[in-house]
Amino acid sequence: MDGTAIPRLGRGMKLREDKTRNQWVVMGPERMFVPDEIALEVLRLVDGARSVDAMVDDLAARFAAPRGEIMTDVVAMLDDLTAKGVVTA
Amino acid sequence: MTTIPARAKTAAPAAPLALLAELTHRCPLRCPYCSNPTELARVAQELDTATWARVFQEAAALGCLQVHLSGGEPTARRDIREIVRAASEAGLYTNLITSGVLTGETKLQALVEAGLDHVQLSVQDAEPGSADRIGGYRGGHARKLEFANRVHEAGLPLTLNAVVHRQNLDRLPQLIDLALELGAGRLEVAHVQYYGWALANRDALLPTRDQLEAATATVEAARRDLRGRLVIDYVVPDYYAKRPKACMGGWGRQFLAVSPAGRVLPCHAAESLPGFDFPNVREVSLREAWEHSEAFNRFRGTAWMPAPCQGCERAELDWGGCRCQAFALLGDAAATDPACVLSPHHAVLSLAVGAAAGAGEGFTYREPRKDPRHGGPMAEASEGAQG
């Protein structure tokens, strides 16, 4: 996935709050993922409209971190989530 | 001095993640490995819409995140749309486990509008003639393919569930192709589990070791080639395993089922275990059943375990395996699952494999118990509440 890609949640994937366990989960067909804090920040920005570049800009501003590093991490995370079917581009 | 109720002494068990709602035992198919009990519930015993709606609310409050609407064939219920809506409104991720043969375009659209999240469609084989013979329903396979296309067009995610055994395992590559053709995101290759109907048909269904090894290699290659396109779930069957599976993730740990007649079960097959007084949602809440019923607490944790499970380093990995299999094969639900090499009765599995080798291919099909007052299962479906 590159900077211009526009990721969205995969078919049937839903990000929702699990109040019983005090966490956020991605619910999918017979699958459930519990994103860590950073993955959750990324997933919250996956809306089918924002590009990866725009997501990285947002995160770099909010976390005051070098854009290049964030881009590397976000792309790796999105590639992993794509392989799992959580995200598609 | 006050009396502390017994229940206050033990911490509540962790919350369940998923509810299996078996809405009905009615089904037009007659698969010889059906996971329903051999004693099928009749339509007059089925829970009504309002009770299911309450069960979904209770499940969500208890911590369940998803519900599997199953059966029998769940869409044989006239109120399936209201049931899907109630599950969705309770905040549950809603999965329909279906044979697909009763759902036309209009009904599917109604289910989508009611909030259905995912469809899991069973197929009996990749070859239509064989598929229809195994399901005991002529024309069924073609209807399933039409249904799958409609699901895809409706934008819903689709899982194909292929139950595999000796009579279709050689066509696993074609089943994988079928999953891709139908636009499924996920393929579940589920080996038959041998209790109930399947145990009665074991000699006709058990795969050979050669078949199993070929299938495992096929799955491994397909997982590599199709990474990112198709997720394949596959578990080695117990009859060729050295260690048991953590059935249901452990008794009363992650999962609960409610039968068509309202019984709350740690697994859908547990109803056939003798000596249990399973709680019923008509009488108790789901929380009461989950946390405090004797049935759920009997095999919870590790204290109940016999040797060799007791003290085994895998006790909290496999939780002693499957209680239903221990009962089906050994007559003792509290025994170590014989799938474990450490079970003194492990040999019963290889003996069964030996007995099945060279056995015939004929089936005992799933049928409701003969009763002159009733027609077949579909006669009941069309008669509604008269059954």
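Numbers here mean position along the shown chain, with the first residue as 1.
Cβ atoms here come from the backbone N, Cα and C positions, even for glycine.
Keep in mind that TrEMBL annotations are predicted by a computer and have not been checked by a curator.
The [4Fe-4S] cluster binding site annotation in TrEMBL covers B:Cys27, B:Cys31, B:Cys34. Residues or ranges marked as compositional bias 'Basic and acidic residues' in TrEMBL: B:364-374. Residues or ranges marked as domain 'Radical SAM core' by TrEMBL: B:13-229. What TrEMBL records for B:362-387 is region 'Disordered'.
Residues B:Cys27, B:Cys31, B:Cys34 make up the record's [4Fe-4S] cluster site, and a Cβ search at 8 Å around their centroid adds B:Leu29, B:Arg30, B:Tyr33, B:Ser35, B:Asn36, B:Gly72, B:Ser99, B:Gly135, B:Trp197, B:Arg366 from the same chain.
Neighbours of B:Cys27 ([4Fe-4S] cluster binding site), defined as other CB atoms within 10 A of its CB across all chains, total 27. Taken together, the residues of the domain 'Radical SAM core' (B:13-229) have an average pLDDT of 96. According to DSSP, B:Cys31 ([4Fe-4S] cluster binding site) is assigned to coil rather than to any helix or strand.
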